[in-house]
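According to Swiss-Prot, the record shows the following:
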| type | residues | note |
| --- | --- | --- |
| BINDING | E133, H244, E332 | Mg(2+) 1 binding site |
| BINDING | E135, E188, E195 | Mg(2+) 2 binding site |
| BINDING | E183, H246, Q247, S248, R315, R320, K327 | ATP binding site |
| BINDING | N239, G240, R297, E303, R315, R334 | L-glutamate binding site |
| DOMAIN | 15-103 | domain 'GS beta-grasp' |
| DOMAIN | 110-442 | domain 'GS catalytic' |
Amino acid sequence: MSDKIGRIIAKMDECGVKFVRLQFVDIHGKPKNMAIPLVRPDQIEDIIKDGLLFDGSSVEGFVDINESDLVLKPDPDTFSTLPWRPEEKGVCRFICDIYWPDGKPFEGDPRYVLKRALDKYAHLGYEYNVGPEPEFFILDQDEDGNIIPHDCGAYFDVEPVDQGTDFRRKLVMDLEALNFDVEVSHHEVAPGQHEIDFKFDKALKTADAVITFKQAIKAIVDKIGYMVTFMPKPFFGENGSGMHCHQSLFKDGENVFYDPDTETQLSEEALYFIGGLLKHAPALTAVCAPTVNSYKRLVPGYEAPVYIAYGLKNRSTLIRIPASRGKGTRVELRMPDPSCNPYLAFAAMLEAGMNGIQNKIDPGEPTEIDVYEKSMSELREMGIETLPSSLWEAYHALEEDDVIKGALGGHVYEKFMEIKHREWDDYRVRVFKYELERYLDI
């Protein structure tokens with residue numbers, strides 16, 4: 001028995017653990033889990049070693065019924081109790097990796113997709129870090145049953161206008177109990193909208209954290225009688241929810257993006273990484289903004305990125321370079337939203353950026369104007385293109401991008417495209433209230 005497993009068993013015994021949740025995500029990033037009754041604490045050693053068989057054909061995006069057997073193996077580094085369920089101290093959780101019965105990694109496991117990309121560049125000495133900024137809405141219902149924001153607060157408001165203060169405090173405390181390093185929490189721009197940021201970390205740990213973060217929020221809000229949504233654009237005329245992703249590369253403990261001897265203090269690698277993100281932005285959008293609703297957020301006028309450009313401290317461009325330098329030097333990609341699968345999104349972002357470094361893709365000069373104030377003809381003269389304006393455009397861009405397809409791998413790419421084609425066709429044929437209001441009197 002390893003020391004790590006020994007410490008886990010001791011902690012489980014201390015907490016009186018009676019059930020172990022084995023958790024993973026489907027192709028959408030939606031958490032799934034199995035609960036195992038624990039007869040004795042050292043039983044977990046066998047579970048970690050041998051895993052547990054499950055039916056993968058019942059999970060969207062995994063396997064067909066004729067090859068349904070898959071194996072869940074807990075990652076010991078993800079052990080935690082669930083602080084938002086204090087009445088059930090006897091429950092712990094592991095995030096799992098998925099394997100075929102012969103011991104080979106299952107290529108349709110989103111967590112494996114990210115681990116594969118990270119391992120590829122770890123061999124070259126690179127460590128990829130991500131710091132996400134997920135936004136979300138807390139919702140209520142009016143007397144007619146309509147979904148409404150739970151408050152009328154705006155950016156950085158305080159109580160009583162901001163009615164989410166106590167909720168955010170509770171959530172931050174629970175996240176810290178899960179070893180999150182929370183940096184800040186606040187009310188966002190739209191009524192009922194909030195943001196909690198946690199410090200950047202290694203990409204795999206961060207992706208695990210995003211899944212846990214969303215799960216914790218939904219559990220806590222449900223207990224106080226409200227709803228929470230990570231839907232990108234739940235209300236017309238209001239800002240949508242994004243998940244801006246701050247990214248950096250480290251090598252031998254040093255930030256690869258930092259060069260104190262250049263005018264901007266950005267290294268060549270940083271600029272090439274930006275160049276890769278810009279080049280592959282249309283295909284990246286399919287993975288990082290993966291729903292039909294995502295594209296109702298990505299429109300001018302609501303602080304969401306639309307134009308494929310980068311700037312220093314410029315929040316109107318797709319990519320922003322925050323002012324921090326040294327170990328804090330980073331690139332902020334502003335198009336992702338919290339409906340994305342973080343494992344797939346981080347893998348795709350890493351491959352896009354590294355493709356830029358490997359091929360020395362020059363991003364050009366930074367854009368320091370407010371691009372929202374320019375016409376399309378002016379932007380085209382400047383060489384600035386737009387992101388896809390619909391899921392249909394985005395998945396067609398993905399079809400043409402071998403780098404992002406390669407990041408996903410053949411299995412995930414094919415399943416992802418099947419699902420997105422169905423999603424678009426289902427959306428395309430529906431008749432909405434707007435159409436009845438606009439065209440019924442024809």
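Including glycine, each Cβ sits where the backbone N, Cα and C put it.
Map the listed features onto the structure and describe their local environment.
The DSSP secondary structure for E332 (Mg(2+) 1 binding site) is strand.
E135 (Mg(2+) 2 binding site) falls within a strand segment according to DSSP. Sequence-distant neighbours of E135 (Mg(2+) 2 binding site) (same chain, six or more apart, CB under 8 Å from its CB) are E188, Q193, H194, E195, S241, G242, M243, P338, listed in sequence order.
Taken residue by residue with DSSP, Q247 (ATP binding site) is part of a strand.
Every protein chain considered, the tally of other Cβ atoms within 10 Å of the Cβ of R334 (L-glutamate binding site) stands at 20.
Break the domain 'GS beta-grasp' (15-103) down by DSSP state and the numbers are 21 helix, 35 strand, 33 coil.
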Ranked by the number of other Cβ atoms within 10 Å of their own Cβ, which of the binding-site residues E183, E188, E195, E303, E332 ranks first?
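The largest 10 Å Cβ neighbour count belongs to E188.
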Compute the mean position of the Cβ atoms of E133, H244, E332, which form the recorded Mg(2+) 1 site, and then list in sequence order the other residues of that chain whose Cβ is within 8 Å of it.
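Filtered neighbour residues, in order: G131, P132, G242, M243, C245, H246, R320, L333, R334.
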From the binding-site residues H246, S248, R315, E332, pick the residue whose C-alpha lies nearest to the C-alpha of N239 (L-glutamate binding site).
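Given the candidates H246, S248, R315, E332, the nearest one is R315.
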Relative to the Cα of H246 (ATP binding site), which of the binding-site residues E133, R297, E332, R334 has the closest Cα?
E332
